[in-house]
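*Asks:* Before I ask anything, here is the structure I am working with.
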Amino acid sequence: MTQPMIHSDKDANGVCLRISGELLTKSLASVEQAFAAVQPQGGDITFDLSQVEALDTGGAWLIADLARRNRAVGAQVRFEGLSPAQSALLDTVAKNIPDDPGIEAVHRSFIDWVASVGQRTAGAWKDTLSVLGFLGLTLHRLARTIVKPWRLRQAALVSQMEETGFRAIPIVALMGFLIGVVLAFQGATQLKQFGAEIFVVELISISVLRELGILLTAIIVAGRSGSAFTASIGSMKVQEEIDAMRTLGLDPIEVLVIPRVVALLIMLPILGFIADMAALIGGGLMSWIDLGISPGMFVTRLKESTGIWHFAIGMIKAPFFAVVIGVIACWQAMQVKGSAQSVGQRTTASVVQSIFMVIALDALFSIFFSVLEV
Amino acid sequence: MDGSVLEKTSETGAQREAVIRVRNLTNQFGSQVVHQNLNLDVWRGEVLGIVGGSGTGKSVLLRTIVGLNTPAAGSIEVLGVDVLNGPEQERRRIERHWGVAFQDGALFSSLTVLQNVMAPLREHTGLSEKLMCALGNLKISLVGLPALSCGKFPSELSGGMRKRAALARALSLDPEIVFLDEPTAGLDPIGAAAYDELIGELQHALGLTVFMVTHDLDSLYAICDRVAVLAEKRVLVEGPIEEMTKVDHPWVQEYFTGPRARAAQEKG
């Protein structure tokens, strides 16, 4: 392969540019500067192209651009030594150089960044209204499903229950077990100082049953199933499947959203219950090992000291978390706009928002129940 | 090209060079055999149209040649390089010598049209941003898209414009071979005719070899030098389209002598 070269000569007839070598897109980098450096003098110019071994559109563009710049200052341009094929290529390229160079490649500047912050802030309010509207729509369809239960898509419901609930059991149980172990271990270290080891039972049972069990389960489900909802419905949106459903007279909310939300409504309390039990087992085991509280003693103490309300408060929150996760995930999916990147962005937003909303809602419940003094 | 094959054609005696040589190709998905002992040559500088009924493996053949599908058996040489078993480096090099325009464009949805066309240049050449931009604009203009579309995202384009943008991206490294998968499917007749003309023009101006999977009889008559018919798991017959009507095979007869074919023939 011969490196492309450009050589400028002055003779009686004006400037002669000798161009040689392989003028191919992949080898232009070395000669690009040299072409740009040729300044049009206004005098006549001859391109001697007899030494050009190969030419493609990239090389032709460089020559045509140089010729155009020379013509712009009133010079006569002549080409010499081109083969007919190369000459045709040069003509095609010269014809297609846009007069208006189109749009330059987009560079993201600081101003763009500020503008995007502003847009997102303004968009946040609109989104809030939109998500509330979607929540209303979903609740309406849910109510209709209760009145007319035969409209519920049973196959979809069962497969969603398996996907979001059944398959999450191992991870949720393991998480619960480890939370119990950690609480027992940390609690024991502190409580030993006061000789109040036996209170580790209350520490574990109340914190897990009231708060941690269901909260952490909801967070895992938001990450696991919320992202799956957004990605799968979002991809359907990109493929225009949602539009196709509408034209077939199918209601996307009824077909896609309701089975998922109902599946979460059923499965999240069950998963929360499993997490609670696993945490109690983990905590009991650790108390036995670390503090010598036997399982029998643990259970007796649990029955005496922990009211059923602690467990009930945890379970009451589960359906609310389920609706929040399901609605946010499905709403985000419906906001997907025709690109793969959009699916990714919406999935991220879905997980972040639903986890945040679950925690915020949990805080509200804490205040609510403490005011009620239960 | 060293290693490539020069053969004498019986009619003209002129030498022609096979840029793609497919030998004894067998493709199989599970128990379903798509191709069996398929042989095909594509000559330099020709426009080859691949036709066949639905499910005869036209797209699979294209995907196999460009390395997106690993065949069960057989060999494929492109520009003298064994693309199935050759050294990795050689195969990577050869990939820059072809461009592929997929059926629905397969443009990168997060990049603008111009960025899509510039992407291969950015990856494989050391050109300045300004020159890459200029070459990108040139390719977009070559395929007949308005300059306004450069800054648009693929989702903002119509189907026909996406196909053109995909062609611009396929051409961005000035490949020797262009693979087109159903380039005119879904275009209106005027758009399809303009696209055919465009392919013909570019093929002449850039000296391309075009491998085109198509169902469009108008395209076959307008721009294809040769047609290869896929049927019965192999290339049943290949040759200029005029000869196809003489082939004694029910599918080929129906395809090339049906009412649509006659209409296309009159136009072509």
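Placement of Cβ uses the backbone N, Cα and C atoms for every residue, glycine included.
Feature list, courtesy of TrEMBL:
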type	residues	note
DOMAIN	A:17-93	domain 'STAS'
TRANSMEM	A:168-186	transmembrane segment
TRANSMEM	A:198-222	transmembrane segment
TRANSMEM	A:261-288	transmembrane segment
TRANSMEM	A:308-331	transmembrane segment
TRANSMEM	A:351-372	transmembrane segment
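Where in this structure would I find these features, and how exposed are they?
*Replies:* With a cut-off of 8 Å between Cβ atoms, the residues of this chain six or more beyond the transmembrane segment (A:168-186) that come close are 200, 203-204, 207-208, 212-213, 216-217, 220-221, 224-225, 267, 271, 274-287, 290-291.
For the transmembrane segment (A:198-222), the list of distant contacts is 164, 168, 171-172, 175-176, 179-180, 183-184, 187-188, 191, 264, 268, 271-272, 275-276, 279-280, 283-284, 287, 291, 293, 298, 301-302, 305-306, 310-311, 313-315, 317-318, 321-322, 325, 329, 351, 354-355, 358-359, 362, 366: same-chain residues at least six beyond its ends, Cβ to Cβ under 8 Å.
Residues 130-131, 134-135, 138-139, 205-206, 209-211, 213-215, 218, 221-222, 225-227, 229-230, 233, 256-257, 260-261, 264-265, 267-269, 272-273, 276, 350, 353-354, 357-358, 361-362, 365, 369, 374 of the same chain lie 6+ residues outside the transmembrane segment (A:308-331) yet bring a C-beta within less than 8 angstroms of a C-beta in it.
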*Asks:* When you scan the chain for residues with a C-beta under 8 Å from the transmembrane segment (A:261-288), skipping those not six or more beyond its ends, what do you find?
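*Replies:* Those are 138, 142, 145, 152, 157, 160-161, 163-166, 168-169, 172-181, 183-185, 188, 200-201, 204-205, 208-209, 212-214, 216-218, 221, 225, 294-295, 298-299, 302, 311, 314-315, 318-319, 321-323, 325-327, 330, in sequence order.
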*Asks:* What does DSSP give as the helix, strand and coil breakdown of the domain 'STAS' (A:17-93)?
*Replies:* 38 helix, 22 strand, 17 coil
